Amino acid sequence: MARSVYEWLWQHEFWLPPGITWEDMQESEDTHYPQPRDLLLSIPFALILVVIRRAFERAIALPLSIKLGVRDKQRPKAQPNPVLETFYSTRRKNPEEGELLRLAKQCDLPVRKVEKWFRHRRNMDRPSLSKKFSEACWRFTFYIISFFTGLAVLYDKPWLWDHRECWTGYPQQPLQPSLFWYYMLELSFYWSLVFTLPFDVKRKDFKEQIVHHAATIFLISFSYCANYIRIGTLVMVIHDASDCFLEPTKIFNYMKWKKTCDSLFMIFSAIFLISRLVIYPYTVLYNTYYYSMEIFQPFFGYYFVNVLLIILQLLHVFWSCLIIHMVYKFILQGTMEKDMRSDTEESDKDEERDKTREKEKNGITCFSNITSNGYIQRNGSEPLDSRAHLANGYAKER
């Protein structure tokens with residue numbers, strides 16, 4: 001049955017232009033074409049990247065964060081409480097008001113202390129600043145290597161300069177070793193991101209990240225199997241160009257170098273908006289949608305790859321809106337606001353505000369009790385008699 005599914009899935013009518021079959025893609029000693037089985041190599045390569053990343057973060061990034069003065073904030077720990085811990089791990093991390101009341105009764109604690117416990121417990125699960133710094137260092141290192149690898153591979157390729165060359169001779173375009181290893185590098189990296197997704201810093205666009213990784217893996221895999229190698233390399237280089245500036249922006253932000261961070265952020269914003277909203281639509285979308293039709297007629301694979309490319313573009317638009325909003329705030333305020341995608345740490349401001357109100361209330365109550373008893377002690381003198389009263393905050397005698 002598995003073989004039947006395999007044969008049905010890889011029908012040449014699905015993935016190759018009309019008039020081309022898999023027999024036309026037979027390899028020889030001098031000519032090699034992409035094979036789907038090659039993609040299996042990306043899994044062990046991804047695991048190797050995970051090991052390399054772990055070693056890099058421990059041996060290089062973490063000591064570097066200490067030398068550069070990146071300090072983790074001291075967080076108060078939540079006191080051990082089996083009832084609250086069970087609710088936190090099995091039900092939800094941010095209980096509603098009714099649930100807080102029930103938990104307070106079960107634990108025989110004030111509601112405010114239960115709220116404080118959950119606030120501290122959530123903060124305990126949030127990543128430390130050194131973890132964010134280490135993750136940004138790893139991504140920056142990879143994106144730099146990947147971007148310059150892509151430029152080294154593509155600088156002498158004709159389709160980098162003339163986009164119509166992406167379709168010359170398609171799909172019978174031999175696979176060059178440099179393109180194979182470039183593909184394996186990129187695909188392995190995105191698989192490694194999927195493997196480490198549960199342990200990485202979670203941001204507000206976590207769901208969009210999952211969609212992005214899935215679409216990227218599918219796009220890279222499909223473009224390899226259907227021999228869209230040339231268009232795939234353009235997509236990867238365009239994406240890496242702006243990412244090279246995103247990660248150092250985060251790094252300098254964690255180091256509190258605000259001016260450097262703001263400058264890099266503006267550079268990143270310009271490169272991101274130009275590469276994702278201008279270069280990508282023209283170089284990739286228009287190229288795939290229009291130029292390819294000069295060579296062959298539409299088929300299923302043509303529509304499939306265009307859908308994946310459009311999904312990526314929709315994500316580009318989503319992130320561009322966030323970036324434009326941050327740039328707008330930067331222009332108005334003169335400094336970059338915090339990354340809106342970040343899961344910011346909760347503070348005890350509410351708790352401190354409640355304490356202040358409680359003190360004020362206690363102070364008013366105490367003052368009221370004193371006045372109601374008929375005396376106010378002043379400068380060590382004898383108490384005022386019962387005829388004293390308050391007017392505009394001062395004690396006066398009738």
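Glycine too: its Cβ is placed from the backbone N, Cα and C atoms.
Over in TrEMBL, the protein carries these features:
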type     : residues : note
DOMAIN   : 84-128   : domain 'Homeobox'
DNA_BIND : 86-129   : DNA-binding region
DOMAIN   : 131-332  : domain 'TLC'
TRANSMEM : 136-155  : transmembrane segment
TRANSMEM : 180-199  : transmembrane segment
TRANSMEM : 264-283  : transmembrane segment
TRANSMEM : 303-328  : transmembrane segment
REGION   : 341-365  : region 'Disordered'
COMPBIAS : 341-362  : compositional bias 'Basic and acidic residues'
REGION   : 377-398  : region 'Disordered'
Let me spell it out: take the transmembrane segment (303-328), skip the flanking residues so only those 6+ beyond its ends count, and list any with a Cβ under 8 Å from a Cβ in it.
205, 208, 211-212, 215-216, 218-219, 222-223, 226, 228, 231, 235, 265-266, 269, 272-273, 276-277, 280-281, 284-285, 288-289, 336-337, 339-341
So which residues does the transmembrane segment (264-283) touch in its own chain, when a touch means Cβ under 8 Å and the partner is 6 or more beyond its ends?
163, 234-235, 238-239, 241-242, 245-246, 248-249, 252, 312-313, 316-317, 319-320, 323-324, 326-327, 330, 336
From the DSSP assignment alone, can you count helix, strand and coil residues within the DNA-binding region (86-129)?
32 helix, 0 strand, 12 coil
The domain 'Homeobox' (84-128) [mean pLDDT, rounded to integer]:
79
